Each structure stands twice: as C-alpha cells, then as structure tokens.
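*Asks:* When I checked TrEMBL for this same protein, it listed these features:
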type	residues	note
REGION	1-30	region 'Disordered'
TRANSMEM	160-185	transmembrane segment
TRANSMEM	205-230	transmembrane segment
DOMAIN	376-580	domain 'FtsK'
BINDING	A401, V402, S403, K404, Q405, G406, K407, T408	ATP binding site
COILED	453-480	coiled coil
Amino acid sequence: MTDGTTPGGDRPEELANVHYLPHRPPADPAGQVLDAELISEEEYQQRRPSQKALALQRIEAYRRDVTVVVHVVRTVATHQRTLRVVKALARNVSYPVAGAGMVLRHWRDTHGSARYERLLNDAEQSRDQEALREWEARAVAEKQRRHQRMMDWIDSPARVVKALATAAFSVAALLLALGVILAISREDISQVTGPITAVIDAVAFVVWVATAYGIVLVTGATTGVLVYLWHKGRRHSTWEPEWLHTPEQRAESFAVIDESMLTRALTHCKVTSLTKALKEGQQLEFVVLPRQQGGGTYVQVRLPFGCAASDFLDPKRVELLAGNLGRHKHEVYPQRQPKADARVLDLWVADAGTMDKPAPPWPLQFNGEFDVFRDRLPIGVTMRGEQIEQGMLNRHGLIGAVSKQGKTAFMRLKALGLALDPTVELRIADLKGDGDWSMFEPRAHTLIEGSAVEQTEATCVMLEDLVEEMQRRYEAKRAAGIRGNITRELSRQPGSGFHPIYAFVDEVQVLYAEQHPIGGTKADARAWRAAKRLHDQARAVNIHLYQATQRPDDRTLPVAVREGAHVRASLYVPNHPTAKLVLADAADMGARPQDLRPGRDAGTVVLTGEVDDIPDGMAFVISKSHYVSTQDAYGVIDRAMQILEQHGRTIGHDDADDGEPQRDPLTDIATVIGDLPKMRTQEVLQRLTELHRITYGGWELGDLKQYLTEYHAAPYKTDGKMHVSADLVHTALAERDRSGGADGEQAGVDA
Ligand SMILES: Nc1ncnc2c1ncn2[C@@H]1O[C@H](COP(=O)(O)OP(=O)(O)OP(=O)(O)O)[C@@H](O)[C@H]1O
C-alpha cells in the first residue's frame, strides 16, 4: 500500500484521523516502504473499503466534529462566567435605554397633555365639577400654547436664514466697497477682493476652531447624557427583567416592600376575581401605604369590586403571595381587616431574615422587681426587636403548642416575672413533672409535680381551693363596702386578703383527660367546673389562672374552659383547626402559628386577645419570647426569695386561711386622732378606713358611737357637729391597760 491507508478496516482510527491530518504526498516507493505484501488485484478489491463504508466513516467523523463543537459552544455559553458577563452587558446596555424612557415619560407627564388627562380623570372620579371645568379650560389653553410654540418652531428657521442672508449680503457689500476704495487709493485692482478674502479666512479659522471644540463638546455632552441616563436607568428602572438581576439586586429588590411590588405580588396570586377586575381597569387602592411596623411592613389594601380579602387567606395563596414577595410563608400574614368591609385586606410582611434572629436576654433575669399593679411584664420582642410587654393583672391565659416548642418556657417566664413581686402568691401544677418547675419550690405556695392520679387530684383540689378563696374574697369585699376594683394599696397591704394569686397548670390536658369525676366534660366533673368558675369570676378579686396544653381539643380542654382565657398564645401547632382552638377568631384573621417552623421557631409566639402591644388594627402580634433556661430560672427564684425577705414577707403570710391579726379599734382611733384634741366623727371613720379598709370599711357612725360608748368615750356635739374627744379616748386606753390590756374578746375585731 502506498497511500498510507490500511485497507480492510484494521486501523479504523487512522481512517478517521485522515480527516484531521493535512494532505500527505504519496510516499516514495523507493525510500519509504519498509514492509509490504504482494497481493492480487482481486484481493486488493476485497480488502479495499467500499465507497459506502468510506462515506459512512466520513459522516461519523463529521458527526464527532459537530458533537465536539456543540459541546464546546454549550460549555462556554452556559458557563457561569459567560452568563455573568452577558447579563452585565445586557444590563448596562439596558440602563441608558430605561433611563431615556423614564426621562421621556417624565417630560410627557409634566409637559404633555397626559398630565391634564390624569388630573381630569381624578376630578371626574371624585365628581368634582368645579375642578373638572377648571382643568378642561387649562387643558385647552395649554393646547393652544403648544400649537403656537410649534408654529414658532416651524417659522423660525426661515426667519433665521433670511436674517443671516441679509447680514451676509450687507457685510459682503460693505467689504466690497472697502476693497474698491482700497484698490482706487493704491491703484491696484487686485485689492478689491482683499478685505473679503481676509474676512473669509478669519471666518474659516473661527469655524475650524469651533468645529474642533464642537466635536470635543458633543462627545463630552453625549457621554455625560449617556452616563446620566445609565445612572437613572440603573437606580430607578422597573422594567429590567428579573433574570438580568445580580443576586444582590434580587435580594435588595425584595428588601423594601412598596406599592408596585405589592400590586405585582397580589396580582400573581391566581385570584381570578382580582385578575378580572384589573383587566377591566379597576385598581388596588392603598388605604394605608406600606409602613414599618412590628418588625416588618404593614399595609392595608382595598381590593377592587368583586374581590374579597378572604380570598387571600387560603394557605396556598399565602404561600404564593409569600413567594412573590421573596419571603417564606411564615413571614407573610394577610388578614381580613376586622373593622372594615370585606374588600379590605390587611397585610403584614416580616423583614427578610428577622424571624431567625434570637430574642435578647430577659430584662428581669438579673435585676429588678416586678409590681403587677404598676408594671407590665417583658415577655419578648417583635420581629424587629421592639419590646413586647404584657399587663398581668385581671387576665387569664391559655398557651398551646405541640411538644418542644417552648410552651413551658413561655409560661414559666410569666411565673418567674410574677415571683419578683413580693405580694404575689403562686400555685403551680406541673402535670409532666420533669423538673421544669422545681425551682419554684421555695417560692410557690403550692407546687404539684407529676402526672399520676394523685397529682391530677391535687391539681383539681388546688383549683377548687381557689374557687373557695374567690368566694371568701367576694364576701370580704362586700363586708368592707369595696366597690369596683381592689386597689393596689389594699392588695399590697400585709394581711389584706386581696393579694394577687396566680395559678399555673402546665400540661393541663392531663387534668381534663383524667377519669370522671376529676376529668372529663360531664356536667358534674370537678376540674372543668372549678376552672370555669375561676374564669368567670376570679379576676375581679385578683385570682388568675394560666393553662398550657399540647392538645387543645374538646376532650382535653373543654370548650367552656377554653373560652375563658383573655390572653391566648400559640407557638407552633400542626394545622389551622388546632390554631383556631388556641387563638379562636384570630386564626381566621391571618394568625397562622401552623406556618412557624417546628423546632427552628421554638419560642416564637403568636399572641392575641388582651395583649397590650398588639399593633393598631391587627388581631394578633408575633413575638420572639425571651428565654430563661431551667438552670437560669433557679437564679431568678433565688432573687425572688431575697426580694420577699427584703419586704418582710413569707410564703403563706398572705394566705387568708392563716387568719388576720386582730385590730384594736381603741388604739387605732387614738392613732388616727394623733395629737389633735378632738376630731369630727366622719373624719375618724374615714381615717380608720384608710388605715385598714378590711376592718373599718364597713363601719358607720352608729358602729363608732356604740364602740366608744362602751369605753365611756362616746362622741359629743360641739359647734353643731359630732366629735370624738382625744382625752376621753386616751383615758379609756389607760383605764383598759390598768384593768389588763387590750381585751380581744370585747375590743378586738377580727380582720
Ligand atoms: N424563647 C425561646 N427561645 C429559644 N429557644 C427556646 C425558647 N423557648 C424554648 N426554646 C427551646 O425549646 C425547647 C423546648 O422548650 P419547652 O420545654 O418549653 O417546650 P414545651 O413546648 O413545653 O415542650 P413539652 O410540651 O414537651 O414540655 C427548649 O429546651 C429550648 O431549647
């Protein structure tokens, strides 16, 4: 073989390679062939590949070529760097175009008829006839002005040309005359065109310089305009397609929630009625413009006719809306505005990423006392980090969540805060008994831990005791003539019998799931009846009940008990029905604890009801609660015990069952009169009531008179008014001391 190919397909690679190698001249048979075999013509024809096989081999070679080229092109074209460069190029080319569009639009809006059309439209919409007439007149005047300007523009070039021609002709004539004079005076005919030529040269030089400057100026101005338009387009362009955005731009574009973004997001939620209304030319009306509130953006939108805010509350829509706003679904909270018509949609969107920030440490963890009458308890922060505080007086509470979401921690936080008020009495039942509440042992009046029958029964008794205490307080209140709320002064008075009591029952489902007659929902079941009575009446006499449960269903949290809670809190729950059991109506108005992330959002609470820091117009607030670990809670209770000691209080001291120290009215009367020689009976009664309302609040003039008469110190009349004599009271005291001290039986009054 002399052409370099191997017949018979022994080395098909070489056949393929032929295509790549440059054409080689046939080898010199004398010098190149080192080995060969002599074959016959017939054998040669047999071994030689057919034309068809050669064609196929060639096609295969081309196919491989194409594959390689396509692969290379695709790799280069889809490479991140190429995409970045192309996008950057496209973006930067689009900016000046977008900027020019904006400048044009701005010019048209401020100069053209569009502005008048808009104003006329507004006037028409608001049916303001006067404004309509005025804007119509102004529009007509503006049109005339524009027409006149246009005519001026058309006329002016002709006028300019005419003026220039006249000027040029006059100057030329002048110069010619000057040339003739020069030629005559110098007797040289060639001088006639001298002045004209000199002026033409001068003009040519000026034109040359002006052209050079003009080129520089035009180039500079064009660059400047392009840069300006590029900048404008980059800063404000909204038509740039999203695929052109850099990752930073994409994140930034979702950072600020504005009207255009909201309109786009709402429009793409697949709500047919809205899509139809927008196509008909109706518009979204922003009743409250987007504004920062509670760690996110709050906005109120009136939807067009035929749409309802409730269309957006469906979880699937919420998810779509959240995606359109660049948020997770637990960061977007649409709700039906409770105080407005069905078309008004309230929307709260968390700032991106704020849900992941932990709450700061609890402000009362290491310092400070608490006063239930004066203070509100810090319980957490909004998503933006603003403090949320909760008034604790005269409110019952319910907390619901599945296991391990921070239910106990949240309820315990409230109990820890209350423990820092030395007048508060705590009664606690932890029906899991895992030690989460053990630190309260020295501080609590009652601490029940465990989930056996003994503990559920003890919890039931605890609630029933509170019902008895409630009744006692009502009677004492009536006897003391107290109307309305119990004052702070009275409540904090040692031994007043009206100090605040808080009962906490953790894992309360264990109590209600207990066998009848303790648990269950039958009419005579003890636990729910006691809890219901407390819910109905106890808060007026400063007795409160907080319950936490993993299962807020009808069996393990009877309806009658569930409804009595004034403050409702839900951490993560599995679904909307469960959320509704805990949060009631708020769950239908946009509160969605079911969208919190289990575990990751432990401690994040959706609060509703009598919560002081719920923003205006909203039905709920989301809070990251402060976390005090079990270990740290011991430290807080140590501090609570010190505070108790500083105030001279002991646990159970305020328990009305311990009995009140007996008052000695004779001593008290001497005390209130003080150094005065006499005092009017009305004033003595008033001061006695101030001194100890429980004992003297019910005293009337007859009681005082009868009491003093027994000690021969009866009030007497002087200046037309009844008075008590200080001398007589002191004499009675001295007399009594001589005859054997204060006579409890006779004089002491049971407080
Ligand atoms: N406010 C919070 N911030 C951060 N993490 C928290 C917060 N509250 C609770 N957690 C975390 O959640 C865990 C579970 O808390 P907790 O025991 O209070 O849940 P629970 O709902 O009462 O659970 P269970 O019903 O099983 O007792 C805690 O150990 C803690 O890690």
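Start at 1 and count along the chain as shown; that gives each residue its number.
Keep in mind that glycine also has a Cβ here, set from the backbone N, Cα and C atoms.
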*Asks:* Looking only at K404, K407, which of these binding-site residues has the biggest number of Cβ atoms within 10 Å around its Cβ?
*Replies:* K407
*Asks:* Kindly point out which of the binding-site residues A401, V402, S403, K407 have a C-beta less than 6 Å from some atom of ligand 1.
*Replies:* A401, S403, K407
*Asks:* Which residues of the same chain, at least 6 past either end of the transmembrane segment (160-185), have a Cβ under 8 Å from a Cβ in it?
*Replies:* 191-196, 199
*Asks:* Under 8 Å Cβ-Cβ from G406 (ATP binding site), six or more apart in the same chain: what's there?
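*Replies:* Once residues fewer than 6 apart are set aside, G406 (ATP binding site) is near L571, A602, G603, T604, V605, S625, Y627.
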*Asks:* With a radius of 8 angstroms around the mean position of the C-beta atoms of A401, V402, S403, K404, Q405, G406, K407, T408, what other residues of the same chain does the ATP site pick up?
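*Replies:* Output for this site, in sequence order: Q550, L571, Y572, A602.
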*Asks:* Hey, which of the binding-site residues A401, V402 is the loneliest by Cβ count within 10 Å?
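*Replies:* Among the binding-site residues A401, V402, the lowest count of other Cβ atoms within 10 Å belongs to V402.
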*Asks:* Using the structure shown, find which entry in S403, Q405, T408 (the binding-site residues) has the sparsest Cβ neighbourhood within 10 Å.
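*Replies:* Checked S403, Q405, T408; of these binding-site residues, fewest Cβ neighbours within 10 Å: S403.
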*Asks:* For A401 (ATP binding site), name the DSSP secondary structure in the helix/strand/coil scheme.
*Replies:* coil
